[in-house]
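Here's the structure we're looking at; comments come further down.
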């Protein structure tokens, strides 16, 4: 068979055109050192701060230090089989986590992967963990309440939707218990909850999940876990991942509550990473940007206006405001709120609930110290009936503390002082509350009404909690419609006051406690 030169050249041309070759530019580097979860990479020229770097075996590292001739990255997960000389690739992507209603009722790790054994999560959307907080114009003032179910908190230190309220205290003072009760109280309120566990024992987290399930609150809660056994990188990133999941609801006109338990451990994890990256240490060996670590996280908790929600959803959701309320927890050492991280977070948040060891050990639980606990914006969001009735509670407790200290030095007290001491003692007793027993608006209002109108004067101190239980049981039995109406509206007027007075008078007449 004879082929002429034209046919040969056509054949070669055809073969060349049909040859399947794809050229792609890859941003590659080489690991030059591995130590304590930190890798140094040479040759990654085109990499951005916070970029995901793909490692052999399908794992990832996070680029944190961009230096002249190397990149310092922190490995997210185990790093035992990483070796010098291994090739790594820049992905050009920032860390993203799955978000959406599909995560409700699930326990996930920092990367949004399920760890509860209930199968995969079919989330349709992902969101970057680092997002710039809404600007001033996009925000709306806080004027709707988040009921925690605690008499002492809802009456004296009210929390509003979109607020950041710090829960601070020593270890074993009931900080987690307060946050979990606040989540349990949201199960019928339409507020979604996210609980972020940072650096805690796995057994403690399992107990929290079990309690949420027992009380029917897990179905509208996402639990994000970075336990004590996880790497420092995952503990540092967990709050941002949880916040991204909460922002999904905020930006679509829903309300969400997020608990960070606790940010002290996140700061310690970040300190560990920073020191290993050879960043210069500052006060208490924390890096210079530890304030920014918490401020950029907590500023993302906000109440956003209707225009923001409408713009974000491309007009699908109209006339609805969204909110993300944050309850960060900080653990103090021996009650020292003037340490570096506590003062930082106090200055960032809109108030703090200080839990005191002495009160906790004295049986006052929740151990809220009304002296230094404050809510800077929650007053305007407080339920009307609680706001009208609870004005004297904080004053009574503050005066009682002062007089109790004074009374230790004096035996002969005048009648007015004795009366004040007795009232303060009874209000302190009345503020006690069992765990996993959040109270409705009506129950709180009725108890505070009884305290403020002098109905406790003839009740012995050791019978006070029996009096409270019997009063609430009587009210729910005899005045069920009235109770349901107050729970729904939270309204207060002369008619409501007269009804509360009649109810309490009727109960006192029965003498059944």
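Note: Cβ is positioned from N, Cα and C throughout, glycine not excepted.
Here is what Swiss-Prot records for this protein:
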BINDING   169, 170, 171, 172, 173, 174, 175, 176  ATP binding site
SITE      373  site 'Required for activity'
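Structure with Swiss-Prot features highlighted.
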{"residue": "169", "record": "ATP binding site", "contacts (Cβ under 8 Å, 6+ apart)": "175, 331, 332, 335, 354, 355, 356, 357, 367"}
{"residue": "170", "record": "ATP binding site", "contacts (Cβ under 8 Å, 6+ apart)": "331, 332, 333, 334, 335, 355, 357"}
{"residue": "171", "record": "ATP binding site", "contacts (Cβ under 8 Å, 6+ apart)": "331"}
{"residue": "172", "record": "ATP binding site", "contacts (Cβ under 8 Å, 6+ apart)": "357, 360"}
{"residue": "173", "record": "ATP binding site", "contacts (Cβ under 8 Å, 6+ apart)": "355, 356, 357, 360, 367"}
{"residue": "174", "record": "ATP binding site", "contacts (Cβ under 8 Å, 6+ apart)": "355, 360, 365, 366, 367, 435"}
{"residue": "176", "record": "ATP binding site", "contacts (Cβ under 8 Å, 6+ apart)": "204, 208, 261, 329"}
{"residue": "373", "record": "site 'Required for activity'", "contacts (Cβ under 8 Å, 6+ apart)": "156, 157, 351, 352, 353, 354"}
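Other residues of the same chain near the ATP site, with their Cβ within 8 Å of the Cβ centroid of 169, 170, 171, 172, 173, 174, 175, 176, are 331, 355, 357, 360, 367.
When other Cβ atoms within 10 Å of the Cβ of residue 175 (ATP binding site) are tallied across all protein chains shown, the result is 25.
Under DSSP, residue 169 (ATP binding site) is assigned to a strand (E or B) in the three-state scheme. According to its DSSP assignment, residue 176 (ATP binding site) is helical.
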